[in-house]
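Engineer: Feature annotation from Swiss-Prot assigns [4Fe-4S] cluster 1 binding site to 68, 73, 79, 308. Swiss-Prot lists 80-297 with the feature domain 'Radical SAM core', giving sequence analysis as the kind of evidence. Summarising the annotation, Swiss-Prot assigns [4Fe-4S] cluster 2 binding site to 94, 98, 101.
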């Protein structure tokens with residue numbers, strides 16, 4: 001029996017090292033290794049990379065992180081080239097070790113108390129009107145990081161009075177009451193928390209998370225702030241069926257969620273969960289039709305859709321694929 005990895009604080013554990021820490025092991029079969037991307041999954045990179053480098057430089061200068069880079073998002077080039085980014089607060093090391101995610105796992109450092117101020121100034125310098133703030137899971141903090149979210153929201157609004165803020169929050173496992181209480185006086189303009197996939201595959205896809213807990217978090221925020229949209233998203237292609245996806249959509253509506261994102265899961269490395277299937281654009285369009293029929297005010301469904309992909313357009317109800 002091999003010895004467990006002794007994690008050092010502040011060290012990023014990725015790929016094989018990260019997967020070795022997950023109780024439910026990822027086993028890649030020969031068939032899954034041979035699964036190739038269809039034509040609709042090909043991305044054309046922009047010719048001009050000046051804006052991309054500019055955003056990266058601004059992040060580095062202020063010691064900030066983007067989920068676009070840390071999670072290896074396939075839309076990074078497009079979003080950065082349009083001058084948009086999703087900021088990831090509370091560091092770049094997650095206390096969870098989900099096998100679909102490319103964000104590093106480990107023992108994170110203490111939150112940077114200057115991060116809210118640096119974040120607010122960077123957003124002002126970039127001239128953003130809509131911003132998405134997300135974070136790693138911080139199970140090491142007594143409030144799960146909720147106060148840091150609130151501090152960031154306050155600082156951003158002080159320097160950017162006309163901005164709209166969307167938060168993509170973790171599940172605040174075991175800390176929901178405290179987190180929601182903290183956010184009572186400083187709520188975002190859109191409250192987003194992803195279910196990620198269907199409950200049948202949760203043990204493998206989201207170890208440490210609970211499907212009903214996440215639904216309850218969304219519902220309780222909506223009950224406390226009925227005029228603020230709630231939003232959630234799923235990745236598809238991890239072994240779920242279309243019928244199961246539709247069932248999850250129904251659960252979201254029952255819990256008051258009005259905005260939905262569905263996108264194709266892509267394997268970050270050979271050490272991560274393999275893609276079980278590529279969902280066609282026609283299937284995504286069908287899912288969107290079903291979502292709107294259920295009463296979602298907006299549904300962004302497509303191969304490259306992610307939670308924060310053109311989030312400003314999503315919030316305006318403009319079609320995103």
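Any Cβ shown, glycine's included, is placed from N, Cα and C.
What's the neighbourhood like for each of these?
Structural biologist: Counting every protein chain shown, the number of other Cβ atoms lying within 10 Å of the Cβ of residue 308 ([4Fe-4S] cluster 1 binding site) is 29.
There are 26 other CB atoms within 10 A of the CB of residue 94 ([4Fe-4S] cluster 2 binding site), with all protein chains counted.
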Engineer: State which of the following binding-site residues has the fewest other Cβ atoms within 10 Å around its Cβ: 98, 101.
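Structural biologist: Candidates: the binding-site residues 98, 101. Fewest Cβ atoms within 10 Å: 98.
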Engineer: May I have the list of same-chain residues other than 94, 98, 101 whose Cβ is within 8 Å of the Cβ centroid of the recorded [4Fe-4S] cluster 2 site, in sequence order?
Structural biologist: 96, 97, 100, 102, 103, 105, 136, 137
Engineer: Note the mean pLDDT of the domain 'Radical SAM core' (80-297), expressed as a whole number.
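Structural biologist: When the pLDDT values over the domain 'Radical SAM core' (80-297) are averaged, the result is 93.
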